[in-house]
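Database features, via TrEMBL:
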TRANSMEM  40-59  transmembrane segment
TRANSMEM  71-91  transmembrane segment
TRANSMEM  118-142  transmembrane segment
TRANSMEM  148-167  transmembrane segment
TRANSMEM  179-199  transmembrane segment
TRANSMEM  233-256  transmembrane segment
TRANSMEM  327-358  transmembrane segment
TRANSMEM  379-397  transmembrane segment
TRANSMEM  434-453  transmembrane segment
TRANSMEM  465-485  transmembrane segment
TRANSMEM  524-541  transmembrane segment
TRANSMEM  547-567  transmembrane segment
Amino acid sequence: MDTLEYVVIGVYFAVLISIGLVFRTFNANVGDYFKGGARGTWWLVGVSSFVAGISAYTFTGAAGAVYEAGWSILVIYVGNALGYLVNYLYFAARFRQLRRTAGPEVLRDRFGRMTEQFYAWISFPSGIIGSAMLLYSLAIFISSVFRLNMQLLIVTVGAVVIFYSVIGGRWAIMATDFVQCLIMMGLTLLVGGLCLIKTGGFSGLFELIERQGLNSDYSIINSPERFNGAYTWFWAGAMLLNCTLTANNLGAAGRYFSVKDGKEAKKAALLSMVLMLAGCIIWFLPPMVGRLFYADQVTAMTQLSNPQESAFAVACMNLLPPGMIGLMAVAMFAASISSLDVGINGCSSVFVMNVYPVAKALFRLRERSEESLLRMGKLFSFFFGFLCIGAALLFSLKKELSLFDLMLTVTALLGTPMAVPLLWGMMIRRCPRWAAMSSIGCGFLVSGIAFFSPELFGVRWPFQWQIVGVWLAGTAGFLGSMLWAGGNAPEYDRQVEEFFATMNRPVDFEKEVGKANDLKQLKLLGIFSLVIGALVALLALAARDRFGVVCPLVLAAFMLLCGGVMVRAGRTKREAEAEKVSSVPCIANKLMER
């Protein structure tokens, strides 16, 4: 990697820090800091939700699985898109109408204090581990491409994320998510196009797969013997079930807390679905091209325990012109950072909104002002970010770990058991307040047996069996608790009725939230998009040939077009609002004349 690539990465980090500094002025209280004051526009929240749902893991662990098994991994991302579709059809508006700031607050409203505190405390280790895995996956990718020190990368990237997350809060996170989505989608579209040129289009791609004898490996559905039981019909069904259900339970409600109202939440979900479908078509062409053309280079990545996880990187290094490898690294930074910052902000919001109030009552602490709570939120954002960096450093020392297997294991062990009761809690009213804990206990029992089964019984549970087993056990635990629903206290029944009434009542934005700042969001993000597009265009000056000129200009044109449309839309909307305001006195004068 030459000096230009380092400059590109340095400028990218500077842009992120600048966004944090600009959007820090949006934060006047805790609600602004943790959920954007519920003033986020549908396009901003939709893009942020989409980007937070992916990471550099998509281009490392999942890319490695694509390298080996081809189209099968698309099932996971189609499942994510299906989850967003169900959000759009039913859940998104209701999630927004819960009117809360942190996820466990919703669980307190539905199940009571005990369930709230359990989820609050367990969200800390699960959130930190999840964010650390994202940071670690990014470090794997970048270190394999640029031969940089993995630990140094983890610390550097983590420090940048902590900086803008702490100073800018949720507003800075959504803004950086949007800008990073432009970079990531623009570059992956470019790389996907270069892959199709290399293969001679999709028809040429299929011909190459057949010619190299990969038809069997690259089938969407494989036989149970081929990949140790993975990528079968049962595996695909379990993946679709898990992706859809985990996106449509109370634990996923937080992604829509920042949007203005229920209608905007539905639009945000639809946008996320469209972006996910578009992404899954283009993201996995490069690892296939890596298998078809550059397999020797991929297998030569011996510094990785699983060399196939570098397939995306190797393809990009061969297809992109000199000077754009740094942008490829930036796209990978964008994919992971957009999930990491949400994890940090989420853990901090849970502490301030759920843990601190209980500690305050227990130890009779003094009441804090909004300004004091805001400072506390920033302090704990820094603290949780520091813990994420430490956990990622620990992962980097465990060389034998497969990233793909790690993601699936954590999902099955922690995520799924906690998601089951949060789905049923939205669908079933008549249950005791401890129904969620009963469900979690049954789910954890099955996931624990599956996790320790190789050591205890010498049998390894395939991922799909873990998922289905946990869902069935958790469901049994929840439904079984309904036998005791008749003993509910009257105040708990009233609490549940109030929960459902709130969830189904549309948000009146003007009365409940107040003044919108849509124009400010459009203007600022449009300007940032134009600036980034102009900076990308400058890379053409360093090109060595015509191909090196065309690639950055195509990417710059995409970003400049998006930025220009946003600035123009903001100007048009501002003029329309000004005309509307100026027409009010005219109408009043006419009425007086009459």
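Heads up, the Cβ atoms here are built off N, Cα and C, so glycines get one too.
Contact between the transmembrane segment (327-358) and the transmembrane segment (40-59) is supported by 3 or more Cβ pairs under 8 Å, counting only residues 6 or more apart in sequence.
Fewer than three CB pairs closer than 8 A are found between the transmembrane segment (524-541) and the transmembrane segment (434-453), and contact between the two stretches is not assigned (pairs 6 or more residues apart). Scored by C-beta pairs under 8 angstroms, the transmembrane segment (179-199) has its highest count with 547-567, from the stretches 148-167, 233-256, 379-397, 434-453, 547-567. Among the listed stretches 71-91, 118-142, 148-167, 379-397, 465-485, the one sharing the most Cβ pairs under 8 Å with the transmembrane segment (434-453) is 465-485. When Cβ-Cβ distances below 8 Å are used as the criterion, the transmembrane segment (148-167) is approached by residues 13, 16-17, 19-21, 24, 135-136, 138-140, 142, 173, 176, 333, 336-337, 340-341, 344-345, 378, 381-382, 385-386, 388-389, 392-393, 396 of the same chain, each at least six residues removed from its ends. When each of the listed stretches 40-59, 71-91, 118-142, 233-256, 547-567 is scored by C-beta pairs under 8 angstroms to the transmembrane segment (379-397), 118-142 comes out highest. When Cβ-Cβ distances under 8 Å to the transmembrane segment (465-485) are tallied for each of 40-59, 71-91, 118-142, 233-256, the top count falls to 233-256.
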